[in-house]
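These notes concern the structure reproduced below.
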Amino acid sequence: GQGVDEPLSATGFRQADAAGLFLSNVKFTHVFSSDLLRAKQTAAAILGKNKFCKDLEIKYDARLRERKYGVAEGRPLADLKAMAKDAGEQCPSFTPSGGETLDEVRERAREFFESLCQLAVELEQKEQGKPGAASRSSGTSGEEFVFPWTKHCSEAEPSPAPSTALDANVLVVSHGAYMKTWIAYFVSDLNCTLPADLSKSQLSSVSPNTGVSHFVIKLESGNLLKPKITCVCLNQDSHL
């Protein structure tokens, strides 16, 4: 939840360092993190291992916080399940007193995602406005965008055409329940294309700590209303 802002444990720091090594060859253009301490420390650990962008500014955003669980925060998961049972409901749809509904979390996710799309469009417009500017994609070194998880996936990363690609490579560090809701928004509202071998149980599961999910977003002609989203991998944890 949000109310208990604990730091990472020793295991958490080891996992964050492992994620950083895993992502060390990926050149990010932007980094966003939840403003809760455990996410801040994870983002810092990932950048600390990166070969290209150790000094990249991490932007903290409250819209990336974990779901708020109200009176259940700081208590064992068994207590939350017991509360749900007493109310005649089941997790995760059950909302404890003072907590957020799944729809409220989804709205936060939608707002943040739309701000990312707007950022990408503004980057492209700024680049195109420079005299004699070449395509952003054409000037990108392949080494800088090596995605280490593609060999573990059923389908390789799609190659966007240089003329339509908006070349932002964004790292987002958030939390399990929030990201599960965000992915559900991608799939149900935005018709995200999923890997062929992804099972329903995998789609509905919560990411392991520092699990990596990779999405390619295309905005044809800067159209913010109809993003084309492809999931390259979901909750990849081969680094753990």
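Glycine is no exception: its Cβ is also placed from the backbone N, Cα and C atoms.
Predicted automatically and left uncurated, TrEMBL annotations should be read as such.
Because the structure is a prediction, the values reported are computed rather than measured.
Taken from TrEMBL as is:
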type: BINDING; residues: Arg38, Glu66, Arg67, Lys68, Tyr69; note: substrate binding site
### Summary
A correct count of other C-beta atoms within 10 Å of the C-beta of Tyr69 (substrate binding site) gives 23
### Query
Which of the listed binding-site residues (Arg67, Lys68) has the least company, meaning the fewest other Cβ atoms within 10 Å of its Cβ?
Lys68
### Query
Beyond Arg38, Glu66, Arg67, Lys68, Tyr69, what residues of that chain have CB atoms within 8 A of the centre of the substrate site's CB atoms?
Gly1, Gln2, Gly3, Leu36, Arg65, Glu73, His175, Ala177, Tyr178
#### Entry: Maximum Cα-Cα separation in Å among residues Arg38, Glu66, Arg67, Lys68, Tyr69, which the record lists as binding substrate
17
### Distant-in-sequence Cβ neighbours of Arg38 (substrate binding site), under 8 Å, six or more positions away
Asp5, Glu6, Pro7, Leu8, Gly12
### Query
10 Å Cβ neighbour count around Glu66 (substrate binding site)?
22
